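Before any comments, here is the structure.
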Protein chains: 2
Amino acid sequence: MNTMNTTLQGKVSTNWLDAVKWNSQGLVPAIAQEVGTNKILMMAWMNLASLQETVELGQAVYWSRSRGKRWHKGEESGHFQKVKEILLDCDGDTIVLMVEQTGVACHTGAHSCFFNLLDQSQTPYVWQSETQKNDH
Amino acid sequence: MNTMNTTLQGKVSTNWLDAVKWNSQGLVPAIAQEVGTNKILMMAWMNLASLQETVELGQAVYWSRSRGKRWHKGEESGHFQKVKEILLDCDGDTIVLMVEQTGVACHTGAHSCFFNLLDQSQTPYVWQSETQKNDH
(Lines of atoms letter the chains of each structure in order from A and count residues from 1; the text may use other names and numbers.)
(Lines give C-alpha, C1' and ligand atoms only; values in the text may rest on other atoms or scores of the structure.)
Protein backbone atom coordinates (compact mmCIF):
# COMPACT_ATOMS: atom_id res chain seq x y z
CA MET A 1 0.00 0.00 0.00
CA ASN A 2 2.75 2.45 0.91
CA THR A 3 4.59 1.52 -2.23
CA MET A 4 1.55 2.21 -4.34
CA ASN A 5 0.86 5.55 -2.72
CA THR A 6 4.47 6.59 -2.99
CA THR A 7 4.69 5.69 -6.64
CA LEU A 8 1.45 7.41 -7.59
CA GLN A 9 2.06 10.54 -5.57
CA GLY A 10 5.67 10.72 -6.71
CA LYS A 11 4.39 10.33 -10.27
CA VAL A 12 7.30 8.02 -11.09
CA SER A 13 7.37 4.31 -10.37
CA THR A 14 10.44 2.17 -10.52
CA ASN A 15 8.10 -0.71 -11.24
CA TRP A 16 4.92 0.40 -12.95
CA LEU A 17 3.14 -2.83 -12.04
CA ASP A 18 3.56 -2.06 -8.33
CA ALA A 19 1.09 0.81 -8.70
CA VAL A 20 -1.75 -1.51 -9.69
CA LYS A 21 -3.94 -2.66 -6.82
CA TRP A 22 -5.13 -6.16 -7.70
CA ASN A 23 -8.22 -7.50 -5.97
CA SER A 24 -8.31 -10.67 -3.85
CA GLN A 25 -8.49 -12.75 -7.06
CA GLY A 26 -5.45 -10.94 -8.48
CA LEU A 27 -7.59 -9.06 -10.98
CA VAL A 28 -8.30 -5.46 -11.90
CA PRO A 29 -11.21 -4.14 -13.98
CA ALA A 30 -10.21 -2.71 -17.35
CA ILE A 31 -12.53 -0.40 -19.28
CA ALA A 32 -12.00 -0.24 -23.05
CA GLN A 33 -12.77 3.21 -24.43
CA GLU A 34 -12.65 4.07 -28.12
CA VAL A 35 -10.09 6.61 -29.30
CA GLY A 36 -11.80 9.50 -31.05
CA THR A 37 -15.43 8.87 -30.11
CA ASN A 38 -14.61 8.23 -26.42
CA LYS A 39 -17.36 5.61 -26.42
CA ILE A 40 -17.09 2.99 -23.71
CA LEU A 41 -16.92 -0.31 -25.56
CA MET A 42 -16.74 -2.91 -22.78
CA MET A 43 -15.38 -3.75 -19.38
CA ALA A 44 -13.36 -6.87 -18.67
CA TRP A 45 -10.75 -8.06 -16.18
CA MET A 46 -6.97 -8.35 -16.27
CA ASN A 47 -4.42 -10.12 -14.16
CA LEU A 48 -0.78 -9.10 -13.99
CA ALA A 49 0.24 -11.33 -16.89
CA SER A 50 -2.50 -10.02 -19.17
CA LEU A 51 -1.65 -6.41 -18.40
CA GLN A 52 2.01 -7.11 -19.17
CA GLU A 53 1.08 -8.86 -22.39
CA THR A 54 -1.26 -6.01 -23.37
CA VAL A 55 1.66 -3.60 -23.09
CA GLU A 56 4.09 -5.86 -24.94
CA LEU A 57 1.66 -6.77 -27.71
CA GLY A 58 -0.05 -3.39 -28.06
CA GLN A 59 -3.39 -5.21 -28.13
CA ALA A 60 -5.88 -5.82 -25.34
CA VAL A 61 -5.39 -9.10 -23.49
CA TYR A 62 -7.82 -9.83 -20.68
CA TRP A 63 -8.41 -12.60 -18.15
CA SER A 64 -11.67 -14.43 -18.80
CA ARG A 65 -13.29 -15.12 -15.44
CA SER A 66 -15.95 -17.38 -16.99
CA ARG A 67 -13.43 -19.53 -18.84
CA GLY A 68 -10.67 -19.11 -16.25
CA LYS A 69 -7.99 -18.36 -18.81
CA ARG A 70 -6.13 -15.72 -20.79
CA TRP A 71 -8.30 -13.97 -23.35
CA HIS A 72 -6.64 -12.19 -26.23
CA LYS A 73 -9.57 -10.08 -27.42
CA GLY A 74 -10.23 -10.88 -31.07
CA GLU A 75 -8.38 -14.20 -31.05
CA GLU A 76 -11.53 -15.93 -32.36
CA SER A 77 -13.53 -13.06 -33.90
CA GLY A 78 -10.67 -11.08 -35.39
CA HIS A 79 -12.00 -8.09 -33.47
CA PHE A 80 -8.72 -7.00 -31.92
CA GLN A 81 -8.28 -3.86 -29.85
CA LYS A 82 -5.16 -1.83 -30.63
CA VAL A 83 -4.15 -0.14 -27.39
CA LYS A 84 -3.04 3.48 -27.80
CA GLU A 85 -2.96 4.56 -24.14
CA ILE A 86 -3.26 2.94 -20.72
CA LEU A 87 -4.61 4.95 -17.78
CA LEU A 88 -4.77 4.07 -14.10
CA ASP A 89 -7.10 5.75 -11.62
CA CYS A 90 -6.24 7.67 -8.47
CA ASP A 91 -6.19 4.66 -6.17
CA GLY A 92 -4.73 2.24 -8.68
CA ASP A 93 -7.60 -0.24 -8.79
CA THR A 94 -9.15 0.42 -12.22
CA ILE A 95 -7.61 0.68 -15.69
CA VAL A 96 -8.80 2.44 -18.82
CA LEU A 97 -7.52 1.27 -22.19
CA MET A 98 -7.82 3.77 -25.05
CA VAL A 99 -8.28 1.49 -28.04
CA GLU A 100 -8.85 1.38 -31.77
CA GLN A 101 -11.47 -1.31 -32.22
CA THR A 102 -11.32 -3.63 -35.22
CA GLY A 103 -14.89 -4.57 -36.14
CA VAL A 104 -17.14 -4.53 -33.08
CA ALA A 105 -16.41 -4.90 -29.38
CA CYS A 106 -19.47 -6.92 -28.39
CA HIS A 107 -20.00 -10.63 -28.99
CA THR A 108 -23.64 -9.77 -29.90
CA GLY A 109 -22.40 -7.84 -32.93
CA ALA A 110 -23.04 -4.44 -31.36
CA HIS A 111 -20.28 -1.87 -31.55
CA SER A 112 -20.36 -1.35 -27.77
CA CYS A 113 -21.53 -3.77 -25.09
CA PHE A 114 -23.45 -0.93 -23.40
CA PHE A 115 -26.54 -0.89 -25.58
CA ASN A 116 -29.29 -1.35 -22.96
CA LEU A 117 -30.66 2.07 -21.99
CA LEU A 118 -32.97 2.39 -19.00
CA ASP A 119 -36.21 3.90 -20.26
CA GLN A 120 -37.87 5.65 -17.34
CA SER A 121 -40.73 6.98 -19.44
CA GLN A 122 -42.48 3.63 -19.13
CA THR A 123 -43.98 1.99 -16.06
CA PRO A 124 -42.39 -0.29 -15.07
CA TYR A 125 -39.02 0.90 -16.33
CA VAL A 126 -37.55 -1.12 -19.20
CA TRP A 127 -34.12 -1.62 -20.72
CA GLN A 128 -34.36 -0.59 -24.35
CA SER A 129 -31.82 -1.97 -26.79
CA GLU A 130 -30.00 0.92 -28.43
CA THR A 131 -27.95 -1.10 -30.87
CA GLN A 132 -29.16 0.96 -33.80
CA LYS A 133 -27.81 4.10 -32.18
CA ASN A 134 -24.53 2.50 -31.21
CA ASP A 135 -23.96 0.66 -34.49
CA HIS A 136 -23.58 3.73 -36.61
CA MET B 1 -29.97 -16.42 -15.37
CA ASN B 2 -32.80 -17.35 -17.74
CA THR B 3 -34.77 -14.39 -16.51
CA MET B 4 -31.91 -12.06 -17.25
CA ASN B 5 -31.32 -13.41 -20.71
CA THR B 6 -34.99 -13.32 -21.52
CA THR B 7 -35.39 -9.76 -20.38
CA LEU B 8 -32.34 -8.51 -22.23
CA GLN B 9 -33.02 -10.37 -25.44
CA GLY B 10 -36.70 -9.49 -25.32
CA LYS B 11 -35.68 -5.87 -24.78
CA VAL B 12 -38.46 -5.40 -22.23
CA SER B 13 -38.21 -6.34 -18.57
CA THR B 14 -41.15 -6.55 -16.22
CA ASN B 15 -38.67 -5.82 -13.48
CA TRP B 16 -35.71 -3.84 -14.68
CA LEU B 17 -33.63 -4.81 -11.63
CA ASP B 18 -33.85 -8.49 -12.61
CA ALA B 19 -31.64 -7.75 -15.59
CA VAL B 20 -28.71 -6.73 -13.40
CA LYS B 21 -26.27 -9.51 -12.59
CA TRP B 22 -24.90 -8.77 -9.12
CA ASN B 23 -21.61 -10.36 -8.10
CA SER B 24 -21.17 -12.64 -5.08
CA GLN B 25 -21.06 -9.57 -2.82
CA GLY B 26 -24.30 -8.25 -4.31
CA LEU B 27 -22.45 -5.50 -6.18
CA VAL B 28 -22.05 -4.33 -9.74
CA PRO B 29 -19.37 -1.98 -11.12
CA ALA B 30 -20.69 1.40 -12.26
CA ILE B 31 -18.67 3.62 -14.59
CA ALA B 32 -19.46 7.34 -14.47
CA GLN B 33 -19.01 8.97 -17.87
CA GLU B 34 -19.42 12.69 -18.48
CA VAL B 35 -22.22 13.83 -20.77
CA GLY B 36 -20.83 15.87 -23.65
CA THR B 37 -17.12 15.14 -23.32
CA ASN B 38 -17.64 11.38 -22.87
CA LYS B 39 -14.73 11.42 -20.43
CA ILE B 40 -14.64 8.55 -17.97
CA LEU B 41 -14.70 10.17 -14.55
CA MET B 42 -14.52 7.25 -12.12
CA MET B 43 -15.60 3.71 -11.43
CA ALA B 44 -17.35 2.67 -8.23
CA TRP B 45 -19.72 -0.05 -7.05
CA MET B 46 -23.46 -0.25 -6.53
CA ASN B 47 -25.74 -2.63 -4.72
CA LEU B 48 -29.44 -2.99 -5.50
CA ALA B 49 -30.47 -0.30 -3.03
CA SER B 50 -27.98 2.23 -4.36
CA LEU B 51 -29.04 1.63 -7.95
CA GLN B 52 -32.67 2.10 -6.97
CA GLU B 53 -31.84 5.27 -5.08
CA THR B 54 -29.77 6.57 -8.01
CA VAL B 55 -32.81 6.24 -10.24
CA GLU B 56 -35.22 7.77 -7.71
CA LEU B 57 -32.89 10.64 -6.79
CA GLY B 58 -31.46 11.31 -10.25
CA GLN B 59 -28.01 11.51 -8.64
CA ALA B 60 -25.30 8.86 -8.36
CA VAL B 61 -25.46 6.80 -5.20
CA TYR B 62 -22.80 4.11 -4.78
CA TRP B 63 -21.87 1.47 -2.26
CA SER B 64 -18.54 2.25 -0.60
CA ARG B 65 -16.67 -1.03 -0.22
CA SER B 66 -13.96 0.56 1.95
CA ARG B 67 -16.46 2.10 4.37
CA GLY B 68 -19.06 -0.65 3.98
CA LYS B 69 -21.93 1.76 3.56
CA ARG B 70 -24.10 3.75 1.19
CA TRP B 71 -22.21 6.56 -0.55
CA HIS B 72 -24.17 9.42 -2.02
CA LYS B 73 -21.48 10.93 -4.23
CA GLY B 74 -21.00 14.58 -3.24
CA GLU B 75 -22.61 14.23 0.18
CA GLU B 76 -19.44 15.64 1.77
CA SER B 77 -17.75 17.48 -1.10
CA GLY B 78 -20.83 18.89 -2.81
CA HIS B 79 -19.59 17.26 -6.00
CA PHE B 80 -22.83 15.55 -6.96
CA GLN B 81 -23.35 13.64 -10.18
CA LYS B 82 -26.63 14.31 -11.96
CA VAL B 83 -27.55 11.12 -13.78
CA LYS B 84 -28.92 11.67 -17.29
CA GLU B 85 -28.84 8.09 -18.60
CA ILE B 86 -28.21 4.60 -17.22
CA LEU B 87 -26.83 1.89 -19.50
CA LEU B 88 -26.36 -1.81 -18.87
CA ASP B 89 -24.00 -4.01 -20.84
CA CYS B 90 -24.78 -7.10 -22.91
CA ASP B 91 -24.49 -9.58 -20.06
CA GLY B 92 -25.92 -7.31 -17.38
CA ASP B 93 -22.91 -7.16 -15.10
CA THR B 94 -21.62 -3.61 -15.64
CA ILE B 95 -23.40 -0.24 -15.57
CA VAL B 96 -22.53 3.07 -17.21
CA LEU B 97 -23.96 6.27 -15.74
CA MET B 98 -24.01 9.27 -18.06
CA VAL B 99 -23.59 12.15 -15.64
CA GLU B 100 -23.26 15.90 -15.32
CA GLN B 101 -20.49 16.39 -12.79
CA THR B 102 -20.69 19.21 -10.27
CA GLY B 103 -17.14 20.31 -9.49
CA VAL B 104 -14.70 17.44 -9.89
CA ALA B 105 -15.15 13.68 -9.72
CA CYS B 106 -11.90 12.78 -7.96
CA HIS B 107 -11.15 13.19 -4.28
CA THR B 108 -7.67 14.39 -5.30
CA GLY B 109 -9.22 17.44 -6.94
CA ALA B 110 -8.72 16.13 -10.47
CA HIS B 111 -11.66 16.28 -12.85
CA SER B 112 -11.35 12.55 -13.60
CA CYS B 113 -9.86 9.81 -11.44
CA PHE B 114 -8.03 8.43 -14.50
CA PHE B 115 -5.09 10.82 -14.60
CA ASN B 116 -2.15 8.37 -14.48
CA LEU B 117 -0.96 7.70 -18.03
CA LEU B 118 1.51 4.90 -18.69
CA ASP B 119 4.55 6.47 -20.33
CA GLN B 120 6.28 3.77 -22.38
CA SER B 121 8.90 6.13 -23.74
CA GLN B 122 10.88 5.75 -20.53
CA THR B 123 12.69 2.69 -19.18
CA PRO B 124 11.32 1.45 -16.89
CA TYR B 125 7.81 2.55 -17.77
CA VAL B 126 6.30 5.20 -15.49
CA TRP B 127 2.82 6.45 -14.67
CA GLN B 128 2.75 10.15 -15.48
CA SER B 129 0.17 12.33 -13.79
CA GLU B 130 -1.93 14.01 -16.44
CA THR B 131 -4.01 16.18 -14.14
CA GLN B 132 -3.09 19.31 -16.03
CA LYS B 133 -4.55 17.85 -19.20
CA ASN B 134 -7.67 16.55 -17.48
CA ASP B 135 -8.32 19.63 -15.37
CA HIS B 136 -9.11 21.92 -18.23
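Backbone N, Cα and C atoms are what each Cβ position is placed from, and that goes for glycine too.
According to TrEMBL, the protein has these features:
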BINDING   A:ASP89, A:ASP91, A:ASP93  Mg(2+) binding site
BINDING   A:CYS90, A:CYS106, A:CYS113  Zn(2+) binding site
DOMAIN    A:42-115  domain 'Phosphoribosyl-AMP cyclohydrolase'
Those binding-site residues listed as A:CYS90, A:CYS106, A:CYS113, and which of them has the most Cβ atoms within 10 Å of its own Cβ: A:CYS113
Mean per-residue pLDDT computed across the domain 'Phosphoribosyl-AMP cyclohydrolase' (A:42-115): 97
Listed binding-site residues (A:ASP89, A:ASP91, A:ASP93), ranked by Cβ neighbours within 10 Å, top entry: A:ASP89
DSSP-assigned states of the domain 'Phosphoribosyl-AMP cyclohydrolase' (A:42-115) in counts, ordered helix, strand, coil: 10 helix, 29 strand, 35 coil
Spatial separation of A:CYS113 (Zn(2+) binding site) from A:ASP89 (Mg(2+) binding site) - C-alpha basis, Å: 22
Euclidean distance between Cα atoms of A:CYS106 (Zn(2+) binding site) and A:ASP93 (Mg(2+) binding site), Å: 24
Cα distance (Å, whole number) from A:ASP91 (Mg(2+) binding site) to A:CYS106 (Zn(2+) binding site): 28
